[in-house]
Amino acid sequence: MVRICIQTPILLSFLLVLLFFISNCFASSQNNDDDKRIRVRVGLVLDLGSVEGKIVRSSVSMALSDFYDNHNDYKTRLSLLVRDSHGEPLLALDSVVDLLQTEGVQAIIGGNSLLEAKLLAELGEKARVPVISLNSPMSLSLSKYTHLIQATHNSASEVKGITAFLHGFDWNSVALVLEDHDDWRESMHFMVDHFHENNVHVQSKVAFSVTSSEDSLMDRLRELKDLGTTVFVVHLSEVIATRLFPCAEKLGMMGEGFAWILTSRSMSSFHDQFIDDLTKEAMEGVVGFKSYIPMSKELHNFTLRWRKTLPVEEVTGSEITRLSISGVWAHDVAWSLASAAEVTRMPTVTSTLLEAIKESRFKGLSGNFQLDDMKLLSDKFEIVNMIGSGERRVGFWNSNGSFSNRRQLSSTHDNLETIIWPGGSAQSPKGRSLRESGRKKLRVLVTSSNRFPRLMKVETDPITHEITIVEGFCIEVFQASIAPFNYEVEYIRWLNGTNYTKLAYALHSQKDKYDAAVGDITITSDRSMYVDFTLPYTEMGLGIVAAKERSMWVFFQPLTPNLWITSAAFFVLTGIIVWLIERAENKEFQGSWPQQIGVVIWFGFSTLVYAHREKLQHNLSRFVVTVWVFAVLILVTSYTATLTSMMTVQQIRFNANEDYVGHLSGSLIANAALTNSSLRAMRLLGLNTSEDYAQALMNKSVSYIVSELPYLKILLGENPGHFLMVKTQSTTNGFGFMFQKGSELAPNVSREIAKLRTSERLNEMERRWFDKQLPYTTDDTSNPITLYRFRGLFMITGVSFAFALAVLLILWLRERWEILVNSVNIYFSQRLRHFRILFTRTIHPSPLGLDNPIGENAVQMAQRNRR
């Protein structure tokens with residue numbers, strides 16, 4: 001017994017030493033394995049002071065831990081380098097620059113806002129490093145970045161779901177409530193366009209910022225209520241939403257008959273710690289769209305383990321209560337990065353980290369992970385109903401464009417469970433349906449000066465003073481633009497003259513009386529302070545019109561003097577060259593010198609009309625004439641076209657009264673333009689109608705008329721052929737319709753005007769009311785043809801003439817070659833003999849008298865005579 005007791009401590013000591021040795025060996029081997037592993041550095045830039053930042057950080061860390069527990073044999077390890085951006089895009093940018101330069105990170109996770117995503121994407125493009133953005137809004141401005149990966153909501157699918165939801169309840173008129181920030185405005189543009197394409201009328205659109213006061217919220221909501229709006233689509237963050245809904249409840253807008261729909265981006269920004277009991281109570285009955293992540297065993301287990309890893313103070317303080325969709329995306333993104341890092345380290349793989357991420361395929365917590373056009377999109381949405389302090393799921397919006405619910409319980413909406421609306425009613429609000437509530441009356445002020453009836457004509461009953469006729473180009477455009485919105489229009493005559501700035505102020509100050517104004521109203525900056533203008537529906541700018549002046553010498557103007565002289569010289573040169581070629585054999589080119597000169601000139605100029613009667617016998621002369629006739633054809637054709645243009649629109653010449661300029665009486669626009677240095681005049685003459693314009697120009701009371709283009713088009717249309725638009729300047733903004741400040745009709749009508757313009761209907765209206773084609777201007781007149789423009793033509797002709805002369809010279813030399821050779825030989829032999837004699841006498845001088853060959857010959861002759 002004693003022996004056993006003695007041996008037991010020894011045995012235990014031995015076992016402890018053995019275990020210690022084994023553990024050290026295992027640890028050392030593990031450390032050796034860790035040293036052999038390749039570290040891939042990844043930057044994680046988040047707002048660590050926000051709930052989303054904390055969720056994403058913890059989710060990424062836990063995801064990497066799980067990944068390498070499951071893949072312990074991998075040779076790579078992601079090393080997270082976390083930086084706090086404090087919610088500031090510039091701090092995030094600075095952090096990423098530091099990570100790239102000092103740490104050499106190979107990927108970046110960050111960029112939750114639109115601006116932050118753009119900044120980080122720019123760096124990613126230059127450094128060729130993938131940037132993964134979580135929950136940043138979809139935007140066309142981000143599509144150009146090839147190294148940016150987005151995990152976000154599918155905005156297109158969501159907008160289709162909201163539109164189908166509205167149509168299901170027969171709501172075709174809504175108000176949009178959004179946050180005045182780039183992130184929220186950007187994603188709202190697609191929604192507005194989709195609503196318009198699907199006949200959902202956006203009655204009003206209001207924007208709030210985080211700095212908006214409660215009074216501002218109340219005032220804007222009260223305006224919406226006064227408009228009769230009952231259906232609202234809300235797209236803003238929880239910071240504003242928690243203040244908006246209590247204000248709406250105070251105004252009675254969270255009761256029966258109202259409907260509020262929250263977008264998925266708004267719903268994903270809600271966290272329990274920001275929503276107090278008052279806000280939860282006010283939001284009862286609100287319907288929201290949320291990106292749907294199907295619950296799975298893996299997601300459930302991960303969420304439970306994730307909550308256990310959170311600090312105690314965050315769990316007990318209810319700061320973080322659930323894993324957000326950004327946290328789920330962060331988990332899957334971390335797995336794809338870890339998998340891609342391992343793939344790129346394989347010796348047989350040449351893919352970059354970005355390419356490996358794009359090719360990643362696995363089943364993650366959010367479902368099947370697969371990038372589509374550099375995006376990980378959530379295109380299925382669950383529809384929740386805010387009840388009490390929580391949410392109740394009432395159905396799903398599927399990517400195939402249909403609604404469904406798990407219980408298959410029917411409600412007032414197909415395939416959705418029963419919704420409890422604001423006020424506690426299960427009966428769906430009727431909304432502001434124009435088909436049910438009838439046509440809304442639109443009270444429109446119309447200008448009634450009747451100075452240009454083709455633009456605007458208003459007639460009233462002399463007894464009742466009620467408007468009996470409203471017509472004109474402006475009215476037709478307005479009626480075509482407002483027709484899609486099914487308004488009953490009530491026209492009200494404006495009786496205070498042509499001061500349309502006062503008209504704008506009246507529309508602004510008397511909102512209870514007027515909704516819009518129509519007429520020949522120019523868009524100006526001072527008027528836009530009071531009202532909202534539509535797009536211009538007329539041409540923009542001023543024009544100058546003057547009377548045409550006929551010229552008796554217009555036929556000289558198509559060609560410049562240099563071209564006239566050069567053409568005449570080539571006509572004569574053609575005759576000379578043909579005469580040189582034909583005169584030896586052709587009798588028609590022979591005769592006395594006066595006759596031959598006449599033939600040369602006649603033949604050259606007769607080619608102008610192809611009327612030369614002389615028959616050519618030499619092919620060389622035919623070649624010369626063919627080339628020149630081609631040149632003449634081009635000259636004549638160009639001359640005819642230019643002369644036609646000049647006779648259609650002749651240059652004008654102002655009359656002697658250069659100090660008189662006509663303009664529309666009372667037009668502030670024309671008066672302001674005439675003070676410009678380019679249109680300055682000594683004296684102005686105010687005119688009232690198009691008839692006054694025409695009479696003043698015809699009797700030369702004014703030199704020209706300066707007015708806006710629509711007025712001048714009417715003048716030219718009523719007096720075709722008498723006047724000419726000399727010049728135009730884009731110094732005005734054209735005519736537009738005026739609406740109340742903030743009215744949604746202004747952008748909607750602008751969109752209809754754009755459609756009228758692109759469909760050519762607007763041009764048809766102009767032709768019908770102005771009764772003419774587009775006016776000719778001096779800009780339409782062709783410039784005279786210069787010699788420089790035809791230098792190539794004359795170069796070709798000159799080279800052809802030179803070639804013909806060269807051939808003629810060669811033929812002449814060949815015919816007279818023997819005679820020329822003999823003459824040359826005789827000439828050179830005589831010169832050689834004289835040279836030899838001169839050379840001989842220079843070397844051996846002769847006796848006196850003998851050095852003169854003439855003297856020598858004389859002596860010899862004398863001797864012969866003696867014999």
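The first residue you see is number 1, and the count goes up from there.
For all residues, glycine too, the Cβ spot is worked out from N, Cα and C.
On a predicted model such as this, the values are computed, not experimentally measured, just so you know.
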From N619, N699, the one Swiss-Prot labels N-linked glycosylation site: N699
Of 234-254, 465-485, 528-548, 591-611, the range Swiss-Prot labels transmembrane segment: 591-611
R622 vs E764, membrane side identical per Swiss-Prot: no
Least Cβ-crowded entry, counting other Cβ within 10 Å, from the glycosylation sites listed as N688, N699, N748: N699
Distant-in-sequence Cβ neighbours of N301 (N-linked glycosylation site), under 8 Å, six or more positions away: none
For N499 (N-linked glycosylation site), the number of other Cβ atoms found within 10 Å of its own Cβ: 12
N748 (N-linked glycosylation site) and N400 (N-linked glycosylation site), distance between Cα atoms, whole Å: 30
Overall pLDDT for the topological domain 'Cytoplasmic' (814-867), taken as the rounded mean: 63
Positions on the same chain near the transmembrane segment (793-813), where near means CB under 8 A and six or more residues out: 566, 570, 573-574, 577, 580-581, 620-621, 623-624, 627-628, 631, 634-635, 787, 820
DSSP-derived structure type at N301 (N-linked glycosylation site), helix or strand or else coil: helix
Cβ atoms near N400 (N-linked glycosylation site) (within 10 Å, other residues, all chains): 9
N496 (N-linked glycosylation site) CB neighbourhood, other CB atoms within 10 A: 11
Rounded inter-Cα distance in Å - N496 (N-linked glycosylation site), N748 (N-linked glycosylation site): 29
